[in-house]
């Protein structure tokens, strides 16, 4: 086998991860610079979180786009859009910035829906977990970007890094382009993603809490979360998916309270690792409640409305509201997994 074929094979395998990581990188960049906007706290967090609303629109658009132009062109367009919109985020007008950030969310919804469908179509738990870890990779890249560049305008410009990835479009898995009616995920499959993603939503508040002096805790937490994503398939085979869900939700709940309510900064590492690791379970739990590969991205990004609601409400009293959101969401997720225990065992 030629080197070129081996290279294309690896790119094809890693394409969902690359897509998810680049989209996340551009989405989360303002999280590190909220204090530079010199705006009321709620408005700063609105700029950070408004893309989560756009994600819903993007995921719905994705189903139509991919059926018309195919997966490769969808990938190329989403990468070009994300880079261009990141550059446009240098605008100084607040309302224009909010509009651009909403458009970033739409592009993110398209890109991540493609990534999740590509991964779930292959039927590999490990590949799905690796794809979902793109969220952690994106945050890590964003954190280092902030450390190196400091200023928001330079950081926003750096988002154009996604544009050259258009060149790998031919290495992407090519879906059959058939015209289909837009499918809707079930409410409960959306709920499964919403509850699983709550730690990711509330972690948008973490950079403003720890500031630059504690950023290493956050970065280390995201680095540790990557093996925690990948540990889920192995742990699920050993303990079963229900017990794995119980372990992850319990540890994430307790460490979340320690960080947000009791201000124990080292607990941020544990909360980030286990809280984000839960994301690997989200597609599996959503499938129990009716999601399929084509609707998985819509369910995932519809749940992202929580990325607007959770940080903005929590910003009024982070200590109390962030703790309440975390514990209640993860407990409900555990209940959802328990209710489908027999279904899970049949699939395992």
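In case you wondered, yes, glycine gets a Cβ from its N, Cα and C as well.
Just so you know, TrEMBL annotations are computer predictions that nobody has curated.
TrEMBL annotations:
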TRANSMEM  12-30  transmembrane segment
TRANSMEM  42-62  transmembrane segment
TRANSMEM  69-88  transmembrane segment
TRANSMEM  94-115  transmembrane segment
TRANSMEM  127-146  transmembrane segment
TRANSMEM  152-168  transmembrane segment
TRANSMEM  188-207  transmembrane segment
TRANSMEM  219-239  transmembrane segment
TRANSMEM  298-314  transmembrane segment
TRANSMEM  320-338  transmembrane segment
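If you look at the transmembrane segment (320-338) against the transmembrane segment (42-62), you find fewer than three C-beta pairs under 8 angstroms, all six or more positions apart, and that falls short of contact. Residues 42, 45-46, 48-53, 55-56, 58-60, 62-63, 105, 108-109, 112-113, 116, 183-186, 189-194, 196-198, 200-202, 204-205, 282-283, 286, 291, 321-322, 325 of the same chain lie 6+ residues outside the transmembrane segment (298-314) yet bring a C-beta within less than 8 angstroms of a C-beta in it. Using a Cβ-Cβ cut-off under 8 Å and counting only residues 6 or more beyond its ends in the same chain, the transmembrane segment (42-62) has close neighbours at 27-28, 30-31, 34-35, 74, 94, 97-98, 101-114, 182, 201, 204-205, 297-298, 300-302, 304-308, 311-312, 315-316. Counting Cβ pairs closer than 8 Å to the transmembrane segment (69-88), the top stretch among 94-115, 188-207, 219-239 is 94-115.
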